[in-house]
Amino acid sequence: MLLGPVVRACRRVRVPALAAFPRSRQWTAVTAPPLLKLSSTKAAPRYRRMEYQDAVCTLNTLQTNANALDQVRRERGHPEIQLQAMRGFLQRAGLKVEELDHLNIIHVTGTKGKGSTCAFTEQILRNYGFRTGFYSSPHLVQVRERIRINGRPIGKDLFTKYFWQVYNRLEETKDSHGGSMPAYFRFLTILAFHAFLQEKVDVAVIEVGIGGAYDCTNIIRRPWVCGISSLGIDHTSILGDTIEKIAWQKGGIFKPGVPAFTVKQQVGPMTVLQQRAEEIGCPLSVCPELGQYQSSGVEPLKLGLAGLHQHSNASLALQLTHSWLQRRCSTAEPAVPSAVAFGGLCAAPAFEPTPRMLKGLADTKWLGRNQTLTHGSITYFLDGAHTTRSMQACVNWFSDAATQREAKATGSVVRVLLFNATGERDCAAMLKLLVPCHFDFAVFCPNITEAIASCNADQQNFNVSVENMLTRCLDNQQSWRVLNGQEEKPEAELLIGGGLPLVAEQRCATLVFPCILSALRWITQGRDPVLCDPSKQLIPVKASVSAKAVPLREVANIHVLITGSLHLVGGALKHLEPALAS
């Protein structure tokens, strides 16, 4: 039975059983549930109000700008053109590549941990009293999180001011450049450089977007120091399908005579990094284990970020900051012995971290990475792991953290997985790693924060359709069933729009919801007041779906792991921590 006027407006679609879906299947009978349609991507008006949301909506047009997409297609077979194009956009925005030299940049890439490394690095240097700039991606709740001044997202007024300065310069010159405008990430990179120059930061910590060699951040000519965190397989269509090819791309940020540091890598990629460093003329050193750093304090070194995998990120951050500080204020920083050659590689020496370094490591916060939130009887574990290596680290962290909490809990505990992944990621491989966590429920949803998507300009993605997002969720649900030995019913019927969540009518512990808020509301069953805002519109669910939630209503404690995508984690944080959106 269909429930409510909103649901009655949707059409019912009969589809084959889940396992029969081909990867390229088409959703022909319905384009999307009406409440899930995203707002228009029409061009920005000529006369704009100088408000933050206007800036974000205009920024979003660059996600699907036809000229930008054509440019990406043209450059796909000629990656070296990407940096040439980026320099052109930078010049059109009124900036010179030479000006970036004044930012005293720390440039960091890697597959896993580069964001955490940057967060440690920025916090340490801020503890020394330097005015810091920090550019990272993606954002969790608001796009301005990508550009930070002194550890805080750039204010809405400043973001708006600098946005229109850059956007207007580019728009004024586009007719003489074939109508071209930079795509979303390129624009934000230019905006970050502009903001850091205007704000006169002492140091800019720049996280690479994808890869390194041809990433648009690599127009930087003279960074003060470079870093490479742990390498793994990701973005294979762009970077290559082996870890050695990926290492070659990452090593592209090396610059002649500029010191570089890397954490310990597998033999293959480490050899590639060493060869790249020799070709470029870059002194490359391998960071020591975190336990090798000597501390005269009574207590052992503490990190503000949880998880054993953060140890290598912290060691890399210590080497990056010490190298930067020695150049900036060599008389104030004690000298460290030179790197020692070991097996053809230079081993960076461990040293005694200063009190400011120790405090920086302990004070570092990086939302969405091994993060725990407690709302009454519900504990949320959030981690944006999106590769198999990072997912294994997430599983290790969650297993330890959840087990410790369960040992102290009063009453029974139910474990719930909320999962989504995007792009070309191997979802089945990541889900396989999660099976040993013994979840009682597995819930899947797209990276859509709530039913009225137009309310969330900061989190809109026009590069993938709602249909494709929901299809991916159904695929993930089926993978989970197979991994857990559950058989599907070939005659199962799926209702889209006409009865949510999108789940076949069979008794199982897996469900698919149309948005993050719907999933969180069902998981928490009204027990988290922060999710009970009556102004947020939801699509009603069927009675049979509500019946599945009886264990969630009766249990004493609920532990929810939210993982698979930083965008999913960001959407969840928007609801769980409303202050982040203000």
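Glycine residues also receive a Cβ, built from the backbone N, Cα and C atoms like all the rest.
Annotated features, as they stand in TrEMBL:
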BINDING   S137, E207, H235  Mg(2+) binding site
BINDING   R369, D383  ATP binding site
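Shown here: features listed in TrEMBL, placed on the structure.
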| residue | record | DSSP class |
| --- | --- | --- |
| S137 | Mg(2+) binding site | coil |
| E207 | Mg(2+) binding site | strand |
| H235 | Mg(2+) binding site | coil |
| R369 | ATP binding site | coil |
| D383 | ATP binding site | strand |
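Comparing C-alpha positions, R369 (ATP binding site) sits nearest to S137 among the binding-site residues S137, E207, H235. Applying an 8 A CB threshold to same-chain residues 6+ apart, the list for H235 (Mg(2+) binding site) reads I210, G211, I246, G423, E424. Sequence-distant contacts of E207 (Mg(2+) binding site), defined by Cβ-Cβ distance under 8 angstroms and a gap of at least six in the same chain, are V108, T109, K114, G115, C118, F134, Y135, S136, S137, T217. Listed in sequence order, the residues K114, G115, S136, P138, V208, G209, I210, D215 complete the 8 Å Cβ shell around the Mg(2+) site centroid, once S137, E207, H235 themselves are left out.
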